[in-house]
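What Swiss-Prot says about this protein:
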{"type": "BINDING", "residues": "Ala169, Ile170, Thr249, Ala250, Arg251, Asp275, His298, Cys299, Gly300, Val301", "note": "NAD(+) binding site"}
{"type": "ACT_SITE", "residues": "Arg251", "note": "active site"}
{"type": "ACT_SITE", "residues": "Glu280", "note": "active site"}
{"type": "ACT_SITE", "residues": "His298", "note": "active site, proton donor"}
Amino acid sequence: MKQSRTKRVLAIGELKFATNTLKRLSEKYHFEFIVPDPHDRSKTIEKIHEAASKSTFDACFWLFRNAAISPFTEEMLGPLLPTCKLFVTGAAGYNNVDVDWATRNGVYVANTPNGPTEGTANMNLMLFMCTLRGAREAEQSLRLGKWRQNLSLTDDPYGKRVGIIGMGAIGKSFAQKILPLGCEIVYHNRNRLEAEEEKRLGASFVSFDELLSSSDVISINCPLTPATHDLISTKEFEKMKDGVYIINTARGAIINEDAFIKAIKSGKVARAGLDVFLNEPTPNKFWLECDKVTIQPHCGVYTNFTVAKTEECVLASIETFLDTGIPTNPVNGPFGMNGC
């Protein structure tokens with residue numbers, strides 16, 4: 001009987017925590033790792049092409065800290081076809097992956113929506129509190145030697161109506177964290193949650209317009225898709241309360257940047273907390289200089305727990321696909337075992 005070929009996986013990046021799982025899977029599959037160049041996308045492309053020229057691969061995955069080498073397109077991944085039938089991204093968002101190209105070629109794209117949940121939701125909570133309490137302004141005042149000079153009274157979360165746009169895993173986790181703080185939680189989502197889950201989260205479903213017009217705090221927790229690009233722009237800001245607070249840990253392009261900056265300058269938005277920006281890793285200087293905005297360098301997932309869980313999710317998706325032909329959490333397909 002002819003012995004079957006050992007299935008091969010190309011890994012872009014290095015695993016830090018899931019070493020035991022990798023050791024177990026390495027008994028069934030062959031893993032080849034390449035280290036991406038964090039400063040030069042073209043060099044990473046060269047490494048992938050070189051690996052593809054020497055061997056065939058059945059699946060490919062990449063991990064965190066990939067902003068410098070994205071997007072993941074035909075230019076980068078094309079040589080892995082036609083044998084490679086799965087790309088797994090170690091993130092919940094997949095807007096930097098050319099899913100349409102992959103779909104045309106019968107290649108699954110899978111994300112890891114549960115891996116980043118806690119880290120991102122905790123970042124959301126941190127920015128929520130910092131924004132309400134004006135932490136950036138207070139810290140800057142102290143660092144300049146101006147002890148409490150010109151500081152205004154800030155807000156507590158109790159009694160605030162918090163509107164969550166996007167009630168997926170991250171939105172739900174954030175809702176659970178703020179419910180004990182005495183917040184009134186409303187949400188808008190593509191699909192309404194079941195009544196029991198709404199009760200568990202203490203969240204009420206409202207229309208998009210009602211969320212905009214009635215919320216004291218608006219939290220962006222939806223994925224970036226063609227439908228959510230510039231979801232919040234001039235007319236949406238006009239519907240909001242004066243002095244609203246904005247939190248965004250999803251993607252920068254969900255909020256139109258020009259309209260956002262105008263809303264902050266005018267006072268329509270009192271303060272904001274941002275972990276994501278339109279242009280990464282070089283955001284608009286306004287965000288770096290404005291005392292009314294608490295900022296982070298898209299690092300919500302940069303915790304030991306989150307990275308470890310995401311690595312396990314990536315490997316679980318790889319194993320499921322190589323064993324069954326269908327990955328965990330595909331965002332396209334379905335395809336047959338051999339693609340289209």
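Cβ atoms here come from the backbone N, Cα and C positions, even for glycine.
Keep in mind the model is a prediction, meaning the values are calculated, not measured.
Positions of the features from Swiss-Prot, shown on the structure.
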residue : record              : contacts (Cβ under 8 Å, 6+ apart)
Ala169  : NAD(+) binding site : Ala92, Pro113, Asn114, Thr117
Thr249  : NAD(+) binding site : Thr120, Met123, Asn124, Leu127, Ile170, Ser219, Ile220, Asn221, Leu274, Asp275, Val276, Gly300
Arg251  : NAD(+) binding site : Gly93, Asn95, Pro223, Leu224, Val276
Glu280  : active site         : Ala67, Gly252, His298
Span of the NAD(+) site, taken as the largest CA to CA distance across Ala169, Ile170, Thr249, Ala250, Arg251, Asp275, His298, Cys299, Gly300, Val301 (Å, rounded to a whole number): 18
Least Cβ-crowded entry, counting other Cβ within 10 Å, from the binding-site residues listed as His298, Gly300: His298
For Ala169 (NAD(+) binding site), the three-state class that DSSP assigns: helix
